[in-house]
Amino acid sequence: MHEVSLVRSIAATLEEAFSAEELMRLTNIKLRVGLLSNVEPVLLQNAFGAVQEGEGKFAGVTLAVELLPILVECEICGHRSQIDNYKFACAHCSRPTSNVVQGNELLIHQVEFSDPLPT
Ligand SMILES: [Zn+2]
């Protein structure tokens, strides 16, 4: 499943960026997912749950998925338009455009940690 491998790559990214002690305190992962990235938030949540249960990783950590709309920038007039229903046209001058400036993202936007335990 596409989403499970995504969750694994997110996990690998976090394990590279943070120490094991820091990851013990991880509470929340915030993702930003563009509408063109073919990621279904519900499936991503399910995959995250499966990895939590199956691999014992990220116990108690929540995953938040923010969907980003598709934005195009018109080559003619420079106007930025949000794309609805996959009609790739400029909202200002109506010219067709496929100059996507947002919508392909799949980013770890933010991670949150609980306070360190007193030593
Ligand atoms: Zn335009």
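Quick reminder: no glycine exception, Cβ is built from N, Cα and C everywhere.
Database features (TrEMBL):
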BINDING   HIS2  Ni(2+) binding site
BINDING   CYS74, CYS77, CYS90, CYS93  Zn(2+) binding site
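Distribution of TrEMBL features across the structure.
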| residue | record | DSSP (3 states) |
| --- | --- | --- |
| HIS2 | Ni(2+) binding site | helix |
| CYS74 | Zn(2+) binding site | coil |
| CYS90 | Zn(2+) binding site | coil |
Cβ under 6 Å from ligand 1: qualifying binding-site residues of HIS2, CYS77, CYS90: CYS77, CYS90
For the Zn(2+) site built from CYS74, CYS77, CYS90, CYS93, further residues of that chain with CB within 8 A of the site's CB center: GLU75, ILE76, GLY78, HIS79, SER81, ALA91, HIS92, SER94, ARG95, THR97
CYS90 (Zn(2+) binding site) CB neighbourhood, other CB atoms within 10 A: 20
C-alpha spacing of HIS2 (Ni(2+) binding site) relative to CYS77 (Zn(2+) binding site), in angstrom: 38
Per-residue Cβ crowding (10 Å cut-off), top of binding-site residues CYS74, CYS77: CYS74
